[in-house]
């Protein structure tokens, strides 16, 4: 059972806005004039009606366009154009820079996407980015030991929370309304609505959490530097996480995780990949020499498993013909000629599959699938190990300098223009 603490590390969520069909006051109705006052015979003191002429109606205020949108809190996600503030506008160093300290076109160049914001504030590498369910706040974790909260409407940093004194944040993901943060010896879960904080039991006190995974908004996985993997299930009724299982088998740190078809895949610093059956919780397949170096990322896509490595390759694995689904062989090898620190996949506005490949030289390349044709790149300030694609139409990257960059998908004709 997770230990519970009530420290409010994050601001609580604002109350829900009134929606169509609610019984709240009609704030747009003009105030009523006292009919007795108008005839000169009102004797009420005080009177709940207005003793004056009706004031002129307020001019409608322009609605602020969103920099990005969380689909879980908007019925129909739409990404309107982002205004560029005038060059004379100055912001604090620890606030977001929607126009960036450099020309946006200088770091984002491609077919069908464009840079829209640079969020500056972290002093060390960003290790995780998440947009929790139902929230209009973006969360980022960093090796500087803090989690920053960014307002999606303004791009401003609205809160900075030290997570554990003297320790770095090694990873950050979201599970429903929770944000899970990996540190040494623990995973901390923070509820973005209530501020409730849990410290999940499992990892050894001296072991750094080196990988975090959430795929189904119910299970949370954590890999540690001592080779163990832990699994928790979110308990909706009790608002906590129940420890379910521990997977042991890797000899070195678990640095990447992926889930698909009832199977958990784990990549190790020694270049091996293991497949675990989630029902029996046993290792059912081991690729001892999947890569020549650390397996930096894993991705399940349809019938394929993709893996990336510090050896500079992205490998596509599939089941051997006529064999069990977990008897894998290499289907294709893509060479980047540079360390690959992260990969992820998404679909562009034309519903075409796209692979994002983050390199050790700070370049994040965008490829069409299955052709692997290069359609552009995002240049970051150092290697970007944090790549977040869970918000439709938007790509977030977090790099070694501590900067989060926001890229928006556009129709390909607009991107070319």
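A Cβ is built for glycine as well, from the same backbone N, Cα and C atoms used for every other residue.
Where the annotation comes from TrEMBL, it is an automatic prediction and has not been curated.
Annotated in TrEMBL:
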- 1-25: region 'Disordered' (REGION)
- 28-54: zinc finger (ZN_FING)
- 28-54: domain 'C3H1-type' (DOMAIN)
- 54-105: region 'Disordered' (REGION)
- 119-160: repeat 'WD' (REPEAT)
- 247-286: repeat 'WD' (REPEAT)
- 288-317: repeat 'WD' (REPEAT)
Residues in the repeat 'WD' (288-317) grouped by DSSP into helix, strand and remaining coil: 0 helix, 18 strand, 12 coil
Averaged pLDDT score, the repeat 'WD' (247-286): 95
Residues in the repeat 'WD' (247-286) grouped by DSSP into helix, strand and remaining coil: 0 helix, 25 strand, 15 coil
